[in-house]
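What TrEMBL records for this protein:
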type	residues	note
REGION	B:1-29	region 'Disordered'
TRANSMEM	B:42-66	transmembrane segment
TRANSMEM	B:518-537	transmembrane segment
TRANSMEM	B:557-577	transmembrane segment
TRANSMEM	B:610-628	transmembrane segment
TRANSMEM	B:648-679	transmembrane segment
TRANSMEM	B:691-710	transmembrane segment
TRANSMEM	B:730-750	transmembrane segment
TRANSMEM	B:787-805	transmembrane segment
TRANSMEM	B:817-837	transmembrane segment
TRANSMEM	B:857-883	transmembrane segment
TRANSMEM	B:904-925	transmembrane segment
TRANSMEM	B:937-959	transmembrane segment
Amino acid sequence: MDRRKSSGKTTASRASTVEAPPSISVSEAFIVNALCVLGLAFAFWAANTVFSIDLVSHPSLTLFLISIAELPIVILLYSRYRQNPRQCSYLRAVGRGVLGVPVGALLNFLGAIALGAPVKFQYLPKTINWALMMSVFTTVPASCVLGSSWAEWRRIFAQTKPNGSIEYLICLPAHGAVIGAWFGAWPMPLDWERPWQEWPISVSYGTIVGYLVALVASLGFVLACFRSLHIKSE
Amino acid sequence: MDELNRAARSRRKRSSGMKQSETTSSSAAVAVEGRKRGKWGYIWPLWTTLLLHLLAILLFTAGFLLTRTELPYHSHCSDVSSSPCFSSNNGSCWTKPAVNRLVLVVLDALRFDFVVPSTFFADSKPWMDKLPVLKNAASTRPLSARIFKAIADPPTTSLQRLKGLTTGGLPTFVDVGNSFGAPAIVEDNFINQLVQNGKKVVMMGDDTWTQLFPHHFERSYPYPSFNVKDLHTVDNGCIDHLLPSLYEEDWDVLIAHFLGVDHAGHIFGVDSTPMIEKLEQYNTILERVIEVLENQSGPGSSHENTLLVVMGDHGQTLNGDHGGGSAEEVETALFAMSFKKPLSSVPAEYDSSSCQQDLDGKNVCFSSMQQLDFAVTISALLGIPFPYGSIGNINPELYALGADSWNSDASQKLLESDAWMQNYANALCINSWQVKRYVDAYSASSAVGFSREDLSRIASIYDQAENHWSHSTKKLLLDRQHDSNTSVSALKKQIDAYFKFLTAVTELARSKWTEFDLNMMGIGIGIMLISLIFQVFTVLRTTKEHDGTFSSSEDSWIVNGSILAIFLLGIRAFSFLSNSYILEEGKVANFLLSTSGIVTLRQSVSKGKLLIESIGFLILSTFCRFAIEVGLSKQAATSAFMKDYSSWIINIASGLPVWDYAAEVVPIVVLIMLAAWLYKATSGCFFGWPWKYVILGTILTYMLIIAHWITDSNRFDGALIPQSIGRTYIPRIIYAIALGQLFFLTFGQLFKKSNLDCKTNLVAKTTSMLSAWSSTVILLSGKQGPIVAFASIVGGCFIMKFVNIEGGKDGPRSFSIMQWSLFATCLFFCSGHWCAFDGLRYGAAFIGFEEFVLVRQAILLTIDTFGFSIILPVFGLPFLVAIKNQANLGRHFVFTQLSQMYTTYGLITAITTTFTILCVTIQRRHLMVWGLFAPKFVFDVFNLILTDAFICLASIYYFDQGRDDPERKSQVAE
């Protein structure tokens, strides 16, 4: 749902001389994804043992913890695979990633409101924290790698035509998180009266599940990409 | 690169295809074929669909919505003289009174296992044995205190059950004859009989009673039953008034209705501490009530001849739900106790009790009875005429509790049991005569009465019993010298004959009024499925047809779009299987609309055009979402829905005077904007004379609406027009103008020779049709009307433009139509409606009219309810075909597309309705079937039929020309 937005509103369309996308080996892709999963797991572990809270009891704080734990991992890892590494220093890619956080959060926030997230004042921190987490999953990796190239964003998010292994690693998890969140919203109206049906708990669970599934799937795509490259080169 | 190549290739192919079709003879053949097909060639599938749907829904509804006519007749004391039975001679009414006063304690949602000892059940549960006072009384005085398992008839909701208890009938979902909105009982009932015969009734507790019987009570202490979370208000109110009232002499019947157990069940479930506390509280209260009554039951005291009845109106499941027909819900308990020393026991053959030792080793018995029998039995005990529509029979065991009073009058020679039998036989005689009278009157006056075979069968059983009565039993009773053995056997035979008759009637009534006719429902669903297949087939056929004509390649977005549309439709349809999603239907529809908006945004980003429109559409759907939420919050507390402008704008605008002022002015400003926009549209060159005048007429009506609002509001007091004219005449003028416009449009096109091409003509026709309807719809919707109209125009424009995103010349595909339909659904909820009968804005039916005429007001109410969600979208659908950035493609092409679009739109509505029907069938025993599913079913079915009907009307209107476009003809000639 929000994926198109995330692509849509990053301003400044600047054509850049595109080199061949930086390739990423299968093992590297595996390490990147594994670290992302570990970051998530660490966030949950920390929330559970150190702060003794969880998503159901303190959704706002837990979501914030997840974002905080995941953000450096994502930025630092994905910045390594930036496009045009010669013209763009590592630090600059990190800076782009940090800039991507508020932009992505705003887009996700607006998307959630359009789809019916509650707007009462008590829900405001929850929605903001959820949007932060979403932006870490969706826009931050893309802004680290792609920078502000409108054409690239459009190709990956609106047309879903990733090209090369690193773009699979950006595109699929972002789509997975958004689609997961969309499905996560469905149990909310049911009258089961469970605490996790509150906004944004079930949506967050959906996001995380979708993200994890897409991480695994993206590994498969990277593998396929790698194979085809090999065949071509042979 | 590859993609680009392919796209370019396909475009080339398509353009060459077009050239071909325009020049070669094959296209001439197509045009000739199109001309030959004529109007009916395009629209016959639409009419067939309408007929199929009508048939399916008629059949299904006949099986599902049980209806019963309420008769306005009442029983009177003197009626009994026309019966063959003995009326009691000493001045009393139908039967001889056996009790003078009645204390009726109703414990809402009293499960049967609350009352009887746990030893009757396989294992003991925490909520059992919590009302020991009742079983102790039943075990220590088995002759004067009895426990019954009372079986209620579904629907087991309090209102329906109270109706059933007092009328002795079987209330159904649709009791025809219900007054408009108010639930007061019009049928004869025993409360009404009590009042007619000079008995005084005091009521305390649940305020449902005062709604049902607004003018019957001598005194009443009603407490609101609305708040389920409040366990104590009603009960404490009852307790405060119950015991003091017992000492007073100014009543004959006292009703105390406790709600705590019902509410505790709803909130906490049966197995919970609050439930047990409630039961223990009731136990102490009942102990005190029995103690007070007992103390005053001596000869000459006020409760010398009082009957105490403690009963539930229905049971509940372990979750506290009720409404359906499961054993837990229909089985409730009835405890009756008389405070006189009993003289007789019931003859063994009429004693249905089963006994068991309780935990203390005492013997406790209970019998079974139907709740249906309550009204007539109590009436017989109190000696008042039986309610006219009662179909129950006098329960022998409950009737026996008043047995001792008969002996004084009967001759001393008779045995007790004989006296009882004589009395009972006579009471049953009156009972049977009364039921027969009702059955005859019902089938004479009701449109859907009983079948002839059933009636004749019942009549023959009655005649048999009757013959026996007049030829043998009557003589036997008159002539008391007989030896008791013969008389007893004859009486038994007589009683059996009456039982046979009464059981037959009850069975018949049950099958007619409480059992769903599954065969009919199945056939209905079958026909509905057939119609769906037919519609799908039609859509596919037309798609293939024009794909064949213009060899367009399958584009990936079109395929994706169709899949997405099917996905959205499927998820919306499946959401109707759960009551939660039906409750939140507006939000769900809006969620899907926003989703479709986001998909469009993505598409427009990827194509790089219409970006602003797609963002605008998302913003619009966000606004819709807030409007829907305001509507839903109103649904939660429906209080003053008869108020005229109960629209959400007024809801927001409470409080600040600035808001008040804005709420008055903003609609007027928006309406002026709409008028200006229409005026601008008419200046377009292609509006010929009929269309132009229609639109000018609409602008005039808009001005009239503004005048109506100004005179209507008290803010602009010094208005020039007197209020009465503004209130009644202006709306009537507007209706008249709208009707005139419609006639003008229909007949105008017969005489007008259009020199425009088909597509432009279609735009002109659509615009004028919409403007003709809009004035009425806006007027009826009240102040929110112009704003919703504005929103629908903006949204409609956006969706139209999105059709062009692809830029191909394939027609609007299913995705746009799905979006159109979702938007229409959202507008329904935005304009302050929801799928329940209290969601109807009755005030709208009385704009311009003071008095109530069923057909006229129903039409107005329909236009108000479905104006924005059916009438305007259906008539506006041709825009999706017409506004496209491409050359004129000829009449055949446009009309094929149009008919395909109408079929698709109809199909979308039909699929959602089919799912509602399936869901109602699956959930027919669900707790909320009468509260939620059935209203939803009625709304959806109405929606479907209305959509189909309007599609058919629109098709007649739009598919008009019998000739081809001149332009096109010349092309062919070349």
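The backbone N, Cα and C atoms fix where each Cβ goes, and this holds for glycine too.
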Practice problem: Could you name the stretch, out of B:610-628, B:787-805, B:937-959, with the greatest number of CB pairs under 8 A to the transmembrane segment (B:857-883)? | Solution: B:937-959
Quiz item: Under a criterion of three or more Cβ pairs within a distance under 8 Å and sequence separation of at least 6, are the transmembrane segment (B:937-959) and the transmembrane segment (B:42-66) in contact?
Solution: yes
Self-check item: the transmembrane segment (B:610-628) in contact with the transmembrane segment (B:42-66), cutoff 8 A, at least 3 CB pairs, sep 6+
Solution: no
Exercise. Using a Cβ-Cβ cut-off of under 8 Å, list the residues of the same chain that are 6+ residues beyond the ends of the transmembrane segment (B:730-750) and lie near it.
Key: 690, 693-694, 697-698, 700-701, 704-705, 707-708, 711, 765, 768-769, 771-773, 775-776, 779, 847-849, 957, 960
Quiz item: Looking at the stretches B:691-710, B:817-837, B:904-925, which one shares the most CB pairs under 8 Å with the transmembrane segment (B:518-537)?
Solution: B:904-925
